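Features as listed in TrEMBL:
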type     : residues                         : note
DOMAIN   : 1-51                             : domain 'Poly(A) polymerase nucleotidyltransferase'
BINDING  : Asp9, Lys65, Tyr74, Gly83, Val84 : ATP binding site
BINDING  : Asp9                             : Mg(2+) binding site
DOMAIN   : 57-201                           : domain 'Poly(A) polymerase central'
DOMAIN   : 203-321                          : domain 'Poly(A) polymerase RNA-binding'
DOMAIN   : 352-406                          : domain 'Poly(A) polymerase RNA-binding'
REGION   : 395-479                          : region 'Disordered'
COMPBIAS : 405-425                          : compositional bias 'Basic residues'
COMPBIAS : 440-465                          : compositional bias 'Polar residues'
Amino acid sequence: MHFSGIPIDLVCARLALARVPDDLELKDDNLLKNLDERCIRSLNDEILRLVPNIPAFRIALRCVKLWAKRRAVYSNMMGFLGGVAWAMLVARICQLYPNACAGAIVSKFFRIVYQWKWPQPILLKNIEGGPLQVRVWNPKLYPADKAHRMPIITPAYPSMCATHNVTQSTHEIMKVEFNRADGIINEIMTKKTDWSELFSKHDFFMHYRYYLQVIATSDSAEMQLKWAGMVESRIRQLVMKLEGVPNLILAHPFIKGFEKVYQCSTDQEALDVAHGVYNPVATVPSEVTHREGSVEVDGLELVNRTVYSTTFYIGLLIEPRGGEYWTGLAFSGVIFILFYECDLLSSDGVTGPRKLDITWPAQEFCKLVKAWDKYDENSMAIVVKSIKSSQLPLDTLEEGEQQPKKLKRAKSTSKSKTSSSKRLKSSANTHRDHLVPTLTARSETSMSTYSDGSQASGTDGSGSTLVEEPSISLNGSGLRGKDEVLTAQLMMNSP
């Protein structure tokens, strides 16, 4: 639901009462009797009653929510935090500083949340029992509760974890964003920058070299709404499977999908759309595109079909070539990346190419979504495929943004690698106290514009950027009806 352009979620619950009085208070836990689990969750909210300064809380929460949306970390479904979780985090800071104004709450928020000893839970009040035989969050009793990485517990009975969707990757991403925001807040307080810097737009589509496209298509607007929602709700499962792939450091899901509607004149065009191949040139004369049914032009059967498409993206952070592991060093708004070089050995002990095989996660994900009871193979399709940053569609960029350039390979000598490693290690010794996780990895022999806007380390004489870049090959599992699952195998060739 939208009101004045603002999306609003209306939460409803059915009470076991003959009539609902105007002065009804939801503090009485007996109202939860004879309700199903969905209605109980809908009534699980008493945040405002636990906040000492409601006006300051509301202003601070609006600020934090705007920041989270601008930095693309506002989505419970994708494994980040939703509106209730952000509200409880801000409410906890308000409890710690009951007399603080909204600006002070925001300035304390990012440092406290970043330095919080997760998985120690965020609680607005002690967990209480109640009259119902329902499950209450208890990590000592339930192994699933103990596995929560970033538990934020609802205050009302029965207490639940509002952040059970957080994955390893999304947790690391949020920690980096918290640390970035804390650094900016410090500069704001010392008048080195202004508040607009805090709300600068994310750089998701500039940050990674490789992305996964998850494309859900159907032939009906009503069905597409349900089908795309189903696929979106399962993206988190794909991210969790990708986290187990060797040499893949992080899988970063974008918080929303990109919707498009295509008018296709042939079955091949419809199939191309389902696979993310969009031909900007019309393949049929304009005078016949509006006709219903199918016609023939030059012996080619033309079918006027409407295809509804929703595309989701996952950024892939791959372990750098020659690197055992990586860590980040951040200060003064600049990110320095360190990693240790080593030889990569194949299974037989001989130095050889690394493989990032995501076939199994992609296939398992497609099986999962096609197990939906409303899935129709004749009208729906799901495709997972990998693309390079230079192949991203233009609709992922906003006005003023430029598509990343296609990067050429460059061979780096062992001498340059050695000197680069020495310089990076020297930098690490100088700033060891500032080590924090980060989201990107680059060495001085493999620089690009993906992380901090710095230029590449070399050119080919014509101005083209030279970087060390893994080659990529696609393995198709074959066309099955209207579905073709494309899975990627990234071949990272070591020297």
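Any Cβ shown, glycine's included, is placed from N, Cα and C.
Because the structure is a prediction, the values reported are computed rather than measured.
Here the binding residues for ATP are Asp9, Lys65, Tyr74, Gly83, Val84. Their largest Cα to Cα distance works out to 15 Å. The binding-site residues under consideration are Tyr74, Gly83, Val84. Their Cβ neighbour counts within 10 Å are lowest for Gly83.
In terms of DSSP helix, strand and coil, the domain 'Poly(A) polymerase central' (57-201) has 71 helix, 7 strand, 67 coil. Residue counts for the domain 'Poly(A) polymerase nucleotidyltransferase' (1-51) under DSSP, helix first, then strand, then coil, are 13 helix, 4 strand, 34 coil. Report note: the ATP site is defined by Asp9, Lys65, Tyr74, Gly83, Val84, and the residues of the same chain whose CB lies within 8 Å of the CB centroid of those residues, excluding them, are Asn76, Leu81, Gly82, Ala85, Trp86, Ala87.
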